[in-house]
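Colleague: Just lifted these from Swiss-Prot, have a look:
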REGION    124-174  region 'Disordered'
COMPBIAS  142-153  compositional bias 'Basic and acidic residues'
REGION    343-546  region 'NG domain'
BINDING   349-356, 437-441, 498-501  GTP binding site
Amino acid sequence: MIDLFAIVNKGGIVLWKKTNSLVNLKCLQVLFHEAFLSEQRTVNNTVTFDRYTMQYQEATQYSIVFVVVFQDLKCMAYSQSLLNSAHNIFLNLFKEKLEDRQVPNEAEVEKLFAPIFNRKSAQLENETDTKSLPVEANNDNSARKKNEYEMKKKGAQSKQTNAPKKGKKQLRKWDDQITEEEQAALNYSSQASSASQTVDNSQLSSIVGNNNKFQKTGSGDVIISDLEMDPNQTISNKSASSAFSLFSNLIGGKYLKEEDLSPILKQMQEHLTKKNVANSIALELCESVKASLINKKVGSFDTVKNTVNKAFRDRLTQILTPSTSLDLLHSIRSVRKNENRPYTISLIGVNGVGKSTTLAKIAYWLLSNNFRILVAACDTFRSGAIEQLGVHVKNLQSLKGSSIELFAQGYGKDSSFVVKNAVEYAKQNSFDVILIDTAGRRHNDQRLMGSLEKFTKATKLDKIFQVAEALVGTDSLAQAKHFQASLYHRPLDGFIISKVDTVGQLVGVMVGMVYAVRVPIIFVGIGQTYSDLRTLSVDWVVDQLMK
């Protein structure tokens, strides 16, 4: 049985999906990276990730991709037929709408497409079950094919069976995802001698943290796991203990009126505010949901609670889902290949939000992808700022040797001058990425924010990310707006939310910041070690808000 079938547009939005088992939705992100963003081409429209095999078929003219995900290799016998059928059924049903450059909504797909698809899927599965894969005891070709199936299933997870040579330390495997042998970036570098290390091996381990959150794709890229409560967690539709118990007293089979919704939406607004969503945004969110539900008929098989639950989830997902690609690795490689210059990333933010630590985490991840990193120390005012960066760089050198360096020109220098010199140095020494640390500044201090505008105007940066704390309340909105306004004729490129591990379910600040300036969350920080960096799972955030 297939584990997941999904219809996804090229923007990464899931139009419709059917799951038959718990599936880590990270696999869809990996598929899009491998199939459409990576320079390496996929073979037979197939991508492997973790324990999953993914096959896809694209309706190129409409930018729609049909995806089937499975673990049981028997599914390979009919997966392509299922994709072909799904492709033809979907285009026949919605051709007129697609020709008008419209996309059917989930309800339309569920009503028209799902019944036909389910019958076809069951038919193909039953036909496969009546047959067995041809295995002949004396047929070498059959045995070879069977072995190929087994190797494909294991993929990058296949284990070394040869015993290590005597006297050599046995290499460690990190939850079947990345080995030290495959990814030297995630362990002690052979280039750094023990004499030059600033910390011993036991200290290095505590600094690095839990590396199994970094996962290796088929093309060799090391990607960061989504923020989830558990690495195997999948998104649940449970709502018994959620805020939507507020709607249990409404009866199905009626047209919803404003008087039905207003009292309960007021309670919902209070619930969101308690989750750290700014009051103004919680109010606007509730008003938006109310407008979408008034005069909507709720059938007897579609409870009011589920209807309102879905409306809130859809709106929150719309707010948090990025409208552009967040594939930083692809952007870096594109600039290096096409423009032959270092890629520049600057971190900005108020004092004390963890910019230096966040920069070190990003550096560690980029080093794991074999980029050469130059760290530019542009906080030339805060006492000890350069030394703090120096500690991080020395630690990372202990892990990766000369692949990372610190560029510093002392205190009191103009940050724009330092960046200009850093870029020249990076060009001369073949660095791939420059990570720029900047001075912390109060967002309501016009003098300090004015210097940020001067810095942005004088330096042509590829990305500017604002680092912000998860637990700052409604002040986060003011921070986001002021930093956005202080950049010279360009928007912020994204947020990095630090200290998310300290807020539990109070994740509403993320909604507020994204909503305030319409830029996405690139990463979230969940601790102090170099591997405590995650990408945002929109579904996870919505689940936390709705609990």
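Even glycines carry a Cβ here, placed using N, Cα and C.
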Colleague: Of all the binding-site residues here, LYS355, ARG441, which one's CB has the most other CB atoms within 10 A?
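Modeller: For the binding-site residues LYS355, ARG441, the Cβ with the most other Cβ atoms within 10 Å is LYS355.
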Colleague: Would you please pick out, from the binding-site residues GLY349, GLY352, the one with the fewest other Cβ atoms within 10 Å of its Cβ?
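Modeller: GLY352, out of the binding-site residues GLY349, GLY352, has the fewest neighbouring Cβ atoms within 10 Å.
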Colleague: According to DSSP, does VAL500 (GTP binding site) sit in a helix, a strand, or coil?
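Modeller: DSSP call for VAL500 (GTP binding site): helix.
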Colleague: Indicate whether ARG441 (GTP binding site) is helix, strand or coil by DSSP.
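Modeller: It is coil.
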Colleague: What is the total of other Cβ atoms whose distance to the Cβ of THR438 (GTP binding site) is within 10 Å?
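Modeller: The answer is 24 other Cβ atoms.
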